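Chemist: Straight out of Swiss-Prot:
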TRANSMEM  33-53  transmembrane segment
TRANSMEM  67-87  transmembrane segment
TRANSMEM  95-115  transmembrane segment
TRANSMEM  120-140  transmembrane segment
TRANSMEM  149-169  transmembrane segment
TRANSMEM  178-198  transmembrane segment
TRANSMEM  212-232  transmembrane segment
Amino acid sequence: MAKSDIETGGGNELYPGMKESSELRWAFIRKLYSILSLQLLVTVGVSAVVYFVRPIPEFITETHRGLAVFFVILLLPLLLLWPLLAFEKKHPINCIVLSIFTLSISFSVGICCSLSQGRIVLEAAILTAVMVFGLTIYTFWAVKRGHDFSFLGPFLFGALLIILVFTLLQIFHPLGKLSSMIFSGIASIVFCGYIIFDTNQLIKKLNYDEYITAAIRLYLDVMNLFLSLLGIISN
């Protein structure tokens, strides 16, 4: 039985007019999704530990030291973005920094999960998995037929800025349940758009040595989509 393109490295073009080697592009895609899968497994593991070991969220949410630790962990991914980009092509430093980045995000996600019921977290996780899988398959299918989603970039970036501003405003002026649910719904649509956009970029635009950048982008897309869906279901 003949193997599929994904298994063999791809004999067919990923998109019309493809001039590069499809085998090299498929190798890049496999490497990227292997890294992303490891990141997601680490996130599930760390989040599960934080969720089920109740002294951890209690320390974070009920003590001043815990809040300070959580604030540092929230800032850590932002601080790590520079070394991630600076050492992107320097192995194994890039993998070490990426691991720390993933662990810090995972801990933050675990704290967010600990504030919700287990059933709600599970529903959000299942919805996220279904949407990510569906959007990824759709993007590969659409790109194969000549569609290009690069035009989404400016619109998604503008929407992301609005989301960041609203998130900061909620710190000082918390939204009601209905407003918070609407906000989470809009955010989930934006991050669905980002999954399509970033998948399009990894198929057509990114260089073969930019797998760290691609992994970070897709990982953040998935995590933000999960947190947005968690916000919808929680409300």
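Cβ coordinates are placed from backbone N, Cα and C, and glycine is handled just like the others.
Computed from a predicted structure; not experimentally measured.
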Chemist: Does the transmembrane segment (178-198) come near the transmembrane segment (120-140), with 3+ Cβ pairs under 8 Å (pairs 6 or more apart)?
Modeler: yes
Chemist: Using a cut-off of under 8 Å between C-beta atoms, tell me which stretch among 67-87, 95-115, 120-140, 212-232 contacts the transmembrane segment (33-53) the most.
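Modeler: So the stretch in question is 95-115.
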Chemist: Are there residues at least six beyond either end of the transmembrane segment (212-232) with Cβ under 8 Å to its Cβ atoms? List them, or say none.
Modeler: 32, 35-36, 39-40, 43, 84-85, 88, 94, 98, 101-102, 105, 109, 112-113, 116, 120-121, 124-125, 127-128, 131-132, 180-181, 183-185, 187-188, 191-192, 194-195, 198-199, 201-202, 206
